[in-house]
Amino acid sequence: MSENLESQQDDETIESLRDTLKHFGTADYLVFIAMLLSCTVVGVYFGYEDYQKKKRIKNARRGSEAMDYLVGGRNMKIFPVAMSLVASCISGIALLGTSTEIYLYGYQYSFILIGYLIAAYILHHSVIPIFHELQITSAYEYLQLRFDKKVRLFGSVMFSLSTLLWMPIAIYVPALAFSQTTGMDVHMITPVVMFICIFYTCLGGIKAVVWTDVIQIMIMYGTLILINIKGTYEAGGLAVVIERNIESGRLSMPDFRIDPTIRISFWTMIIGGTFFRTYVGINQSMIQRFMALKNVHVARKCQITYIAGIFILNLMCYYNGLLLYASYHDCDPLTTKLAKAKDQIMPLYVMRILKNLPGLSGLFIAGVFSASLSSLSTALNSFAAVVLEDFCKPYMKDEISEKMSGIIMRATVLIVGIITVALVYVVQHMGSVLQLAMTVPSICFGPMLGVYIIGILIPWIEKRATLYGALTGCTAMIAFISKVQTEIARGNITYPTKPVSVEGCTYKFNAVNITNILHNDDPEEPERDFFHLSFLYYTLLGSTIVIVSSVIYSFIFGFSDPSDVDLRLLAPFIRKYFEVKSDEKEQEMMKCVNGKNPQKIEYDEDERDMACAVLS
């Protein structure tokens with residue numbers, strides 16, 4: 001009886017402490033509402049601008065509606081597009097989860113930035129030139145040009161599934177942080193924020209998405225700078241932050257072991273990170289922004305600006321992780337249950353250090369929501385592009401009118417947005433959202449990267465072998481990740497975290513069941529098997545299965561003659577190794593000029609003329 005009373009008293013003490021950290025005042029609400037209103041105004045502005053443009057140009061050329069809505073007329077500026085790319089790559093999941101990763105497992109994760117650089121170099125010299133030369137809107141149009149409609153359909157379906165599975169997670173994380181700081185129910189805030197996202201994406205298209213991203217990325221930078229400065233001051237200075245993290249092993253030399261079952265090592269970050277980031281660069285959300293720029297030279301400059309921006313943002317997130325440990329080095333909130341889940345550590349910390357500064361808690365929540373809104377609006381706009389270009393145009397006998405194109409794109413944004421809000425109810429019952437965000441899309445990422453590698457680098461593999469290889473890879477990844485998630489749920493796959501302590505806690509908590517305090521400097525390594533493979537190798541695994549199985553299928557269906565492949569579909573640096581027969585090239589040019597090339601996607605007159613000019 002006395003033990004139960006003591007436990008109840010402890011719980012009440014922790015609950016009262018949580019309540020003191022819920023201090024979302026009027027100034028905070030005003031800051032948060034101002035962010036949402038700014039997004040709305042941008043959407044209205046660009047929607048009105050497009051409306052006026054259509055009134056001035058009565059005889060707009062065919063395809064202009066989709067071109068304006070999806071790629072901004074291919075004439076957008078470098079800085080806003082670069083900032084949009086940064087914003088869309090940093091969701092609320094990454095903004096909160098990256099810092100928690102450093103707090104739990106140490107600074108090793110930061111070496112993934114080297115993988116970013118390698119992936120950027122690969123994209124700079126292969127993917128960006130190819131797509132700009134082809135002047136296509138959907139990344140999956142490439143798959144039809146290189147293979148056929150079936151492979152294109154596979155790519156479009158994979159993108160649609162991964163996006164639909166990821167989007168509710170992306171909106172749930174910031175809503176959870178908002179709920180922790182205000183007490184408002186998650187399902188009250190998600191429909192409101194998602195409606196605003198749908199509104200400005202529907203109204204203004206990619207221009208609204210890009211410029212709201214610029215506003216949102218500025219809020220993110222401001223939020224992170226504020227936390228970095230205030231957190232360092234609260235911890236007692238930079239020297240204290242570094243010293244505490246070195247003592248705990250969070251700031252240490254990289255782990256150079258080659259073992260792929262080590263969760264985070266130097267080679268995991270370099271190799272796995274490179275493959276993961278390469279696929280992200282080929283994703284429709286990224287390609288669509290690069291295609292909104294005038295030409296390949298402008299796109300390459302934009303990519304350099306984007307990489308610089310993503311580096312700065314990530315480094316600030318990593319430093320936040322060090323600040324978390326410097327603050328909680330002697331009182332781990334997970335062990336005491338002050339934070340009920342890993343996803344709550346960062347909001348808990350920010351609410352504590354900003355509690356006496358009106359409006360700044362609102363700025364933090366605005367920053368987290370900005371990260372998610374930018375990713376969500378990007379995903380919605382890209383989804384509209386895929387539905388129009390990949391699911392409608394290739395399969396409709398009659399030409400789609402300008403008005404119908406607009407209806408299809410905006411209806412897609414609305415429907416997908418509603419589905420996303422509904423799926424939040426499912427996500428909240430599926431465990432760690434961060435784990436879901438990393439594993440669920442991996443089913444699609446690896447197989448799709450394998451298909452693109454074959455298309456760009458291996459002209460000997462033909463369409464049937466590629467399709468069957470992709471299906472094999474996808475099936476294998478579903479089986480693999482399902483097995484991994486089952487083993488994690490059973491507790492058979494665990495990863496030791498860095499040491500924590502509760503010796504300095506100033507509040508009461510139930511100490512009966514504490515098992516998470518690690519003071520052992522040399523913890524025993526658990527036995528590992530293939531299913532312990534690091535999550536960053538999932539993309540590499542999926543793509544390898546596709547490539548190997550496609551080669552095997554090629555022995556059954558036969559290999560292609562590389563000279564039959566259009567050189568524009570191959571990476572520029574390997575084109576010199578393959579020559580197109582002159583008579584075949586002349587035939588191809590004539591078909592293109594006549595608009596009767598069955599291997600090509602239907603272009604309007606201007607786009608076909610441009611494609612033919614490049615081909616000739």
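All residue numbers here begin at 1 and follow the chain in the order shown.
Cβ coordinates come from backbone N, Cα and C, glycine included.
TrEMBL labels come from automatic prediction, so no person has curated them.
Record features, source TrEMBL:
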type: TRANSMEM; residues: 29-48; note: transmembrane segment
type: TRANSMEM; residues: 78-97; note: transmembrane segment
type: TRANSMEM; residues: 109-132; note: transmembrane segment
type: TRANSMEM; residues: 153-174; note: transmembrane segment
type: TRANSMEM; residues: 186-206; note: transmembrane segment
type: TRANSMEM; residues: 218-242; note: transmembrane segment
type: TRANSMEM; residues: 262-282; note: transmembrane segment
type: TRANSMEM; residues: 303-328; note: transmembrane segment
type: TRANSMEM; residues: 363-387; note: transmembrane segment
type: TRANSMEM; residues: 433-458; note: transmembrane segment
type: TRANSMEM; residues: 465-482; note: transmembrane segment
type: TRANSMEM; residues: 535-559; note: transmembrane segment
With the greatest number of Cβ pairs under 8 Å to the transmembrane segment (78-97), the stretch among 218-242, 363-387, 535-559 is 363-387
Give me the stretch from 29-48, 153-174, 218-242, 262-282, 465-482 with the greatest number of Cβ pairs under 8 Å to the transmembrane segment (303-328). 218-242
Looking at the stretches 29-48, 109-132, 363-387, 535-559, which one shares the most CB pairs under 8 Å with the transmembrane segment (218-242)? 363-387
Leading contact stretch, 29-48, 109-132, 153-174, 186-206 vs the transmembrane segment (363-387) - CB distance under 8 Å: 153-174
Quick one: find which recorded stretch in 29-48, 109-132, 262-282 has the most Cβ pairs under 8 Å with the transmembrane segment (535-559). 262-282
For the transmembrane segment (153-174), I need the partner stretch with the highest count of C-beta pairs below 8 angstroms, choosing only from 29-48, 109-132, 186-206, 262-282. 186-206
Under 8 angstroms, Cβ to Cβ: which one of 29-48, 186-206, 262-282 has the largest number of such pairs with the transmembrane segment (109-132)? 262-282
Taking a Cβ cut-off under 8 Å, which residues six or more beyond the ends of the transmembrane segment (262-282) line up next to it in the same chain? 89, 105-106, 108-109, 111-112, 114-116, 118-120, 122-123, 127, 139, 254-256, 445-446, 448-449, 452, 495, 534-540, 543
Spatial neighbours of the transmembrane segment (29-48) far in sequence, C-beta under 8 Å, 6+ residues away: 193, 196-197, 199-205, 207-208, 211-212, 215-216, 219, 359, 362-363, 365-366, 369-370, 373
